[in-house]
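Peer 1: Mind looking over this structure? Questions follow.
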Amino acid sequence: MPSKNETEMTLGSTQKSDQYHSDDMEKKPVQFCSQEEKPVSKNVYTQVSEGACSFLSEIMQMKIELVMFMYMFANMMTMVSLTSLIMDKVCLVHLQQSQEVCSNLKDHNITKTEVSKLTSNYSVGQSLIMMLPSCIIACFIGSWSDKYSRKVPLIIALIGTIINALGSTILAAVFYTRVEFLYIPSAFVGLSGGMITVMTVLYSYASDTTTFGKRTTKYAFMEFAFGMAMPLGQLAGGWLYQWFGYIPVFLVSTCCHVFSLVFVIFVLQETKGLDNKDSWKVKLGNLWSFEPVLESIRAAIKPRPNKGRLQILLLILAMSLAVLSYASTGSINFIYCHHMYDWGNTTFSTVSSIFSVIGTVAVIISVPIFKRFNIRDPILGIVGSCSLIIKNVALGLALKPHFYFLANLLGLFSGLATLAGRSRISKVTSKDDIGKVFSFATTAESILPILSTAVASQVFNATLDFFPGLIYLGLGGLLIVPLSIYIWVSRLPIIDHEETQKEDEGNIRNDPKSAPSSTIQDENTLELKSKV
């Protein structure tokens, strides 16, 4: 047996050893480098590398936003220049005025008014050619893309847009031709689906690749891409025209659309129809079937818990009126500023771009702040609707340029009106129906502005001599409707609609006979919960 001294010596050495180990462990966190090696640079490089990889990973996830940005950038680049081109052709070719008169319309009021009216009519005609066929095609595309492919409709729409851009380039080069020739390339946009198809597919694609909780943020990024593309495209188009003329504007726009087409073909991944074995003959036959149209309508109007059907229909109306307020005046905004303030292509493009950038930044900053304080989608819709109303009323009364600037500042949050509607609809609708519902919604959003564009143009022409801003006041009054809708939706309870629908679908599969009564019971239960 060990002696007492030996035992004490052993215990003492053990305690010293433990003390050394504990001391070492305490010193390690604060001993950033030793004399022998310096791992600091290695840690810095690791952190930078990990941060760069994380950043690149986030960028790689923004494929939809890039396509939307490039598409809208290219479209907006030619928008003002196209109106300016129509105005020049009307003055020089249709009215057969001299170059001196057409370059100084502010000194020839009678000719200026006549040019403005004819330009407005021709711009509306071109918009109808591009939008009316697109509306019809969009009725079929949404349901078809849910079953077969998201990429194919997108590719076809981009090809039609490229043909239009090339045709516009040729007609800008062959300058002394009538405006009606511009309708020929525009028809390819309408027959290929145009912007309506692109928007329908991209928003459906976002729903395919995004979880329920992240959808509002995803749509906010898409609105950011959409919002940034518009001013930057306008700005680029205005200054390209100022420096080089019409032809480079349309050529650069064509190149942007070609880039989008290549990106969609080779980078964007397919999310639908991967396991579908139907032949292309069957797929094309199903495209023109009226069943998809009926499916889109059924998906939008079928009963859903918590007044989901009424929510969807009213939100579609709210978004349509919000889109109507700026889409119906899209063809006359430049004409209005040219008539009121004698602004040219570059001035109007620059001013519009500045306020669009400010508005987009305001929206993208405000959405995370609202979400941080748990402010729901309907409240965002209320803010956006109020901003739109104030903006349109101020535009109608803007007799001087500084009032025009103020009106645009007051409309900084107008983008929230449509963002809130899309986000809320995506949460009320199941994933199986999202493409059909967005197809129905996008078609409705397009039909109303198309009809109102013709009306807005005629009202503008009729009041051009005594009150050019009357159309903006009328639109401001009309926007009270979406404001009222968002106020009503904000009073409904917060419910995870997607999870509720999954439970309902499971109940229907287990007991098909009791499905209708089960749905009614669930609605009654939810309404009772909301009252409690």
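Just so you know, glycine gets a Cβ as well, placed from its N, Cα and C.
Annotations for this protein, taken from TrEMBL, read as follows:
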- 1-34: region 'Disordered' (REGION)
- 8-17: compositional bias 'Polar residues' (COMPBIAS)
- 18-34: compositional bias 'Basic and acidic residues' (COMPBIAS)
- 66-87: transmembrane segment (TRANSMEM)
- 124-142: transmembrane segment (TRANSMEM)
- 154-176: transmembrane segment (TRANSMEM)
- 182-207: transmembrane segment (TRANSMEM)
- 219-241: transmembrane segment (TRANSMEM)
- 247-268: transmembrane segment (TRANSMEM)
- 312-336: transmembrane segment (TRANSMEM)
- 348-367: transmembrane segment (TRANSMEM)
- 379-399: transmembrane segment (TRANSMEM)
- 405-425: transmembrane segment (TRANSMEM)
- 437-460: transmembrane segment (TRANSMEM)
- 466-489: transmembrane segment (TRANSMEM)
- 500-532: region 'Disordered' (REGION)
- 500-512: compositional bias 'Basic and acidic residues' (COMPBIAS)
Peer 1: Please indicate, using numbers and ranges, the residues of the same chain that are 6 or more beyond the transmembrane segment (312-336) and have a C-beta under 8 Å from a C-beta there.
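Peer 2: For the transmembrane segment (312-336), the far contacts come to 79-80, 83-84, 87, 116, 119-120, 123-124, 127, 300-301, 304, 343, 345, 348, 352, 381, 384-385, 388, 392, 414, 417-418, 421-422, 424-425, 428-429, 437, 440-441, 444-449, 452-453, 455-457, 460, 468-469, 471-472, 475-476, 478-479, 481-482, 485-486, 488-489.
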Peer 1: Same chain only, please: residues at least 6 beyond the ends of the transmembrane segment (405-425) with a C-beta under 8 Å from a C-beta of the stretch. Say none if there are none.
Peer 2: 203, 215-216, 219-220, 223, 227, 311-312, 315-316, 318-319, 322-323, 326, 351, 355, 358-360, 362-363, 366-367, 377-381, 383-388, 390-392, 394-395, 398, 437-438, 441, 482, 486, 489
Peer 1: Checking distant contacts: for the transmembrane segment (247-268), what same-chain residues at least six beyond its ends satisfy Cβ-Cβ under 8 A?
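Peer 2: Distal contacts: 63-64, 66-67, 70-71, 73-75, 77-78, 81, 151, 154-155, 158-159, 161-162, 165-166, 168-169, 172-173, 205, 236-237, 240-241.
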Peer 1: Residue list, the transmembrane segment (379-399) vs rest of chain: Cβ under 8 Å, 6 or more residues beyond ends.
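Peer 2: Sequence-remote neighbours of the transmembrane segment (379-399) are 318, 322, 325-326, 340, 366-367, 370, 406-408, 410-421, 423-424, 469-473, 475-476, 479-480, 482-483, 485-487, 489-490.
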Peer 1: For the transmembrane segment (437-460), give me same-chain residues lying six or more residues beyond its boundaries with a C-beta closer than 8 angstroms to one of its C-beta atoms, as numbers and ranges.
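Peer 2: Residues 120-121, 123-124, 127-128, 131-132, 134-135, 138-139, 141-143, 145, 196, 199-200, 203-204, 207, 296-297, 299-300, 312, 315-317, 319-321, 323-324, 327-332, 335-336, 422, 425, 429, 468, 470-471, 474-475 contact the transmembrane segment (437-460) from elsewhere in the chain.
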Peer 1: Are the transmembrane segment (182-207) and the transmembrane segment (348-367) close, by which I mean at least 3 Cβ pairs under 8 Å that are 6+ residues apart in sequence?
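Peer 2: Not in contact, no.
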Peer 1: Considering only Cβ pairs under 8 Å, which range in 124-142, 219-241, 348-367, 466-489 makes the most contacts with the transmembrane segment (66-87)?
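Peer 2: The stretch with the most close Cβ contacts to the transmembrane segment (66-87) is 219-241.
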Peer 1: Using a Cβ-Cβ cut-off of under 8 Å, list the residues of the same chain that are 6+ residues beyond the ends of the transmembrane segment (124-142) and lie near it.
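Peer 2: Residues packing against the transmembrane segment (124-142) from afar: 82, 86, 153, 164, 182-183, 186-187, 189-197, 200-201, 204, 287-289, 292-293, 296, 330-331, 435-440, 442-443, 446-447, 449-450, 453-454, 457.
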